[in-house]
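J.: A single structure is presented below for examination.
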Amino acid sequence: MRRAAKNSHAPHPSLLAVSYAGKRPFPATCPICSRTKAACLGPLQTTTDGKMGEIRLPRHMFLWSMSVVYLFAFVSLYVQIPGLYGNEGILPARWLITPTEKPLAELLQDTPTLLWLCPQLGLDIQQGLELICLLGILLSFGAMVLQPLRDSMVFLCLWVLYLSLYQVGKVFLYFQWDNLLLETGFLTILIAPLNLFRWKSSFKYHDNITFWLVRWLLFRLMFASGVVKLTSRCPTWWGLTALTYHYETQCIPTPLAWYAHQLPQWFQKLSVVGTFVIEIAVPFLFFAPIRCLRLTAFYLQVLLQVLIILTGNYNFFNLITIILCFSLLDDDQVGSWFGHGKKKKDMAHSWPQAIISWAALLIELGVYVLIIYGTRLYFELEVDWETKSMSSKTGLYRAVRTFTYHQFNHFLKMVTLPSIWIGVLSLTWEVVIAMFKCACVRGFFWKLWAIVQLAVFVTAATGIFAISLVPYTFIEYDTHSNIWPGVRKAYEMVDRYQVVNSYGLFRRMTGVGGRPEVVIEGSMDKVNWMEIEFMYKPGNVSGPPPVVVPHQPRLDWQMWFAALGSHSQSPWFSTLVHRLLQGSKDVIDLIQVDKSKYPFSQQPPAYIRAHLYKYWSHPKRWWRRQYVEEFFPTVSLGDSTLESLLWQHGIKDNSPVERSPDGPIPDALRLLRAYIQPLSGPLVLWTLFCTGAAICLLKTFCSRAPRASKPRAAPAETKRKAKDSPGTGLEKKDQGKKREEPASIQGGSKVSEERSTDADRRVWKRK
């Protein structure tokens, strides 16, 4: 009976051999029967095929990177909360979270945010926002430096915290990268292991399925971003001149953007073509069955994102995109970066393997040729080396063009539905592989447990994939209209939680006739005016553009959007002017942390106005500008014009500001705020990140330090251990033989491993 109990979960001999040949480490004893790993690997440690665990390193990279991005997001927002959403901020959050007699469940259903709990905690809304950010910072920093905290429950808390901020963020938090962070964060909950109480990570059979959702999100993000550039009918994208204006007209350029703007026009046009190829054609390689094609797609996507990071301050958006690209990697590729890749075997391949290898190589070359040929055919690029110019025959409507808007619409109709079926087939393949792995688990109860887990995550992955089709098909009307009504209803139910979103970046190129910029001026006598210079957005024509990534100064970003229209299209601008006239320190900190650079640090201005300028990149200095028109009229406190604007936009603050409550938590929040307030956002952010990165590096070096060899046990102690150790007589005999071998062989030589494996196989056959 005892022997039968041990054999009930013993692995198959073929799986045993594969497990020894694999790279995954196994514990010294089986967690089920306490036998040695040479006798039993246990159902949780059984490797079903050579592909098991091949995404472990990319998965760990993904989880670590997501904790870093969460840290960036929470820190960046924390330093701006008083000025944006504080009691004396531009858009106080207390306007949205007002006391009511509705039950808490109904409030959470209408506006899912933890700020409804502030009265129970004795906090006002501003302190609640700060507490949420601080909790997010602590959890993300802990997940960054401690692997056990990269857990599903921890990432669930991070997602709930950021969603709570998003619900009251309004215009300052309604960016596509905030939506992308919430969607990626929700997928991270499914990808992360549930090992918070075990302090030990393990591979699950559904990991490939949940990680596949990241690849599908990457495809939707990149493909839609490329498509909307052409469906928007923007003449700069169709004329391949978009990047001629992009570097100087983007929100907050970097110093390298100035140099990129000076590049020749033919190179700018070629860069636009490369952008179309990377964003429209290359994403289909994400689902290619050939590994080299997926790796090529990975490096092209990362190249594009790195170039964007170098030439523009887009906070953590491009970092998330690079993190999504990890879904295209495997352990061998990541290991090759650190010199631990799989070594090529010297033995000759069999003829079927050779045929498959050559066929894959030919297909790979054929795909590259097809992409290059298609690019040459549709764009008809012609380079004139004498005049150093490039021409193309793309256009919107003209029949002489080889690639028109109507032709692209026809192409989009043909490719949208097949792209969905490609996703269906790719997901089905991952599910089939996972089912095969579960079927190979030994033991009825362990197999049942693996199947139950697989069923849950397959259902979740299928549901997320189905509802993601609704925002994905926004790019093509006919396909979107044919979506099953049940899927639409499910999408509407989860829309408020930002589980899936639609994307489309750089739809139209703005600032073709010059970069519009709003310049605020203040005066004490209405005669002498002084400009109020922002820390990050262009203002001073002699000042170089800053590098603030991954911090996002949200007021500076909204100032860029405000310049694209009239001040009536940006109601918050009237509140900004009102707060500056009041001398709100929290709002002033958003503009200048260094009070010496703010001209009205001693006394608020009596009058404020705003003018609209056009900025251009200057070949000898950073900027040149030209006055366009008045953007906001001259106003003062109590001015009828300002009061009417505040009433008109419904942002007049008549409710008295209640005194902040006292208590240990509010006092701690005020103390920390007083310490952080004089520091700039990038300084706080990079200080925390460098601290966490230093801790991670220190842990890595300590784990790689050589450990002192344990002293050999005395003969009597060795015999006692051998006598008390469980196992069959043959196992004891093998252990005795192993003690008689030289120490060099016992140290893990190849001969010792082969002998141990042969002994284990003999044990299996005898049983």
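Placement of Cβ uses the backbone N, Cα and C atoms for every residue, glycine included.
So TrEMBL says this about it:
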{"type": "TRANSMEM", "residues": "61-81", "note": "transmembrane segment"}
{"type": "TRANSMEM", "residues": "125-146", "note": "transmembrane segment"}
{"type": "TRANSMEM", "residues": "153-174", "note": "transmembrane segment"}
{"type": "DOMAIN", "residues": "174-334", "note": "domain 'Lipase maturation factor 1/2 N-terminal'"}
{"type": "TRANSMEM", "residues": "180-197", "note": "transmembrane segment"}
{"type": "TRANSMEM", "residues": "266-286", "note": "transmembrane segment"}
{"type": "TRANSMEM", "residues": "316-334", "note": "transmembrane segment"}
{"type": "TRANSMEM", "residues": "355-379", "note": "transmembrane segment"}
{"type": "TRANSMEM", "residues": "415-436", "note": "transmembrane segment"}
{"type": "TRANSMEM", "residues": "448-472", "note": "transmembrane segment"}
{"type": "DOMAIN", "residues": "499-633", "note": "domain 'Lipase maturation factor 1/2 C-terminal'"}
{"type": "TRANSMEM", "residues": "683-702", "note": "transmembrane segment"}
{"type": "REGION", "residues": "708-767", "note": "region 'Disordered'"}
{"type": "COMPBIAS", "residues": "730-742", "note": "compositional bias 'Basic and acidic residues'"}
{"type": "COMPBIAS", "residues": "751-767", "note": "compositional bias 'Basic and acidic residues'"}
J.: Out of 61-81, 180-197, 415-436, 448-472, which stretch has the largest tally of CB pairs under 8 angstroms to the transmembrane segment (683-702)?
T.: 61-81
J.: Among 61-81, 125-146, 355-379, 415-436, 448-472, which stretch has the most Cβ pairs under 8 Å to the transmembrane segment (316-334)?
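T.: The stretch with the most contacts is 61-81.
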J.: Taking pairs 6 or more apart in sequence, does the count of Cβ pairs under 8 Å between the transmembrane segment (61-81) and the transmembrane segment (415-436) hit 3 or more?
T.: no
J.: By DSSP assignment, list the helix, strand and coil residue numbers for the domain 'Lipase maturation factor 1/2 C-terminal' (499-633), in that order.
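T.: Taking each residue of the domain 'Lipase maturation factor 1/2 C-terminal' (499-633) in turn, the totals are 33 helix, 35 strand, 67 coil.
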J.: Which whole number is the mean pLDDT over the domain 'Lipase maturation factor 1/2 N-terminal' (174-334)?
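T.: The predicted confidence over the domain 'Lipase maturation factor 1/2 N-terminal' (174-334), as a mean pLDDT, is 92.
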